[in-house]
Amino acid sequence: MMEWDNQLQPNNHHSSNLQGIDVNGGSGAGGGMYVKVMTDEQYETLRKQIAIYGTICERLVEMHKTLTAQQDLAGGRMGGLYADPMMSSLGHKMTARQRWTPTPVQLQILERIFDQGTGTPSKQKIKDITEELSQHGQIAEQNVYNWFQNRRARSKRKQHGGGSSGNNNGESEVETEVEALNEKRVVRPESLLGLPDGNSNNNGLGTTTATTTAPRPEDLCFQSPEISSDLHLLDVLSNPRDEHLVGKMGLAESYNLYDHVEDYGMSG
């Protein structure tokens, strides 16, 4: 009996060792596999990484909110669309649409430059003038350009002998985009329209204005007899609002408005 007990004890001890191997990731006598995906240390490292990533995401969200709030505040001060410094030049063009009155100092400088007889300054010269005048008040490049256009047209009207004696060099002018467009129509060379008679008259006040009569198709295209069958397409030019388009069309006498009419199937 004693010998039998001694034989059972080694067997039991061996069996317990196998169970320990099974639990710790080994293979038991039954052939089952027990595998751990990661150790406790690896699991703890992964948990810390996830926590760090979560903190980073929260900080990124806070930074985005802060930057958005700053941009909104800057946009409110700068006019919304022009908060970007790259858009500052467009901002000058937009402010040119507003009514502008030169200060006495600005007007004196403008008159002095105009009296030098250089005509309408170049783009770079206008930029330099604007920079100089900005020291004496608010002004944009478009304001300077419009002022020289209007001043030149007014000087031409005076040369025609119909100018009012009350209009002196010190009078104040208000520049608008509509005024600039009107002046462009007045100074438009009528000879470019291809009209032999000029179609200009004097209203008795010294102001030479262009008539609202639409140019005749046969006068506009007299150099292209081959397109006489397509002259009916020029009826759209009878609208007075499109007269400024006619001036652009007549800039080059050799330009044929109907070079590609047949390509688009409009020749009828």
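Along the chain as shown, the residues are counted starting at 1.
Backbone N, Cα and C atoms are what each Cβ position is placed from, and that goes for glycine too.
Keep in mind the model is a prediction, meaning the values are calculated, not measured.
Marked as region 'Disordered' by Swiss-Prot: 1-23, 152-179, 191-217. Annotation comment: Swiss-Prot describes 1-19 as compositional bias 'Polar residues'. Summarising the annotation, Swiss-Prot assigns DNA-binding region to 95-159.
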Legend entry - Helix-strand-coil residue split for the DNA-binding region (95-159), DSSP-based: 46 helix, 1 strand, 18 coil
Inset, instruction - Would you report the average pLDDT that the model assigns to the DNA-binding region (95-159)? - result: 84
